[in-house]
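According to TrEMBL:
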- His2: Ni(2+) binding site (BINDING)
- Cys73, Cys76, Cys89, Cys92: Zn(2+) binding site (BINDING)
Amino acid sequence: MHEISVVYDAIRIASENGQKNNIKSINKIFMRIGEFSCINEKSLNFAFDLLKKDTICEDASIIVETIKAKSLCNYCNEEFFIDYTNKICPKCKRHSSNIIGGHEILVWKIEGE
């Protein structure tokens, strides 16, 4: 369950940025998580509920935006969305192994007071 290390880092990042900006309590942590990152959102929230106690994030919630997986065709340079079972370029109909998006795990915004 690597969600624990992801949550640990998210709390650390939010706490450090909160302190730099004189935020006393963080209400929301916004994350962008790629659909190929193997992060389970329920496990992420479970880990967050355990690890946020006695931190600046104690009253916070995590808001997750899922980033669709994307490929760049090895043959015609077309960018297109993919899934686990279909990595065929819609333009040239060839298989692409060049994944350029969908593995992201980012804290991109925090809200607090």
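Residue 1 is the first one shown; counting continues down the chain.
Backbone N, Cα and C define each Cβ position, glycine as well.
Shown on the structure are the features that TrEMBL records.
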{"residue": "His2", "record": "Ni(2+) binding site", "CB count, 10 Å": "14"}
{"residue": "Cys73", "record": "Zn(2+) binding site", "CB count, 10 Å": "21"}
{"residue": "Cys76", "record": "Zn(2+) binding site", "CB count, 10 Å": "12"}
{"residue": "Cys89", "record": "Zn(2+) binding site", "CB count, 10 Å": "21"}
{"residue": "Cys92", "record": "Zn(2+) binding site", "CB count, 10 Å": "13"}
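On a Cα basis, His2 (Ni(2+) binding site) lies 30 Å away from Cys73 (Zn(2+) binding site).
Closest in space to His2 (Ni(2+) binding site), of the binding-site residues given as Cys76, Cys89, Cys92, is Cys89, taking the CA atom of each residue.
In the three-state DSSP scheme, Cys92 (Zn(2+) binding site) is classed as coil. Other than Cys73, Cys76, Cys89, Cys92, the residues of this chain whose Cβ falls within 8 Å of the Cβ centroid of the Zn(2+) site are, in sequence order, Asn74, Tyr75, Asn77, Glu78, Pro90, Lys91, Lys93, Arg94, Ser96. In the three-state DSSP scheme, Cys73 (Zn(2+) binding site) falls into the coil class.
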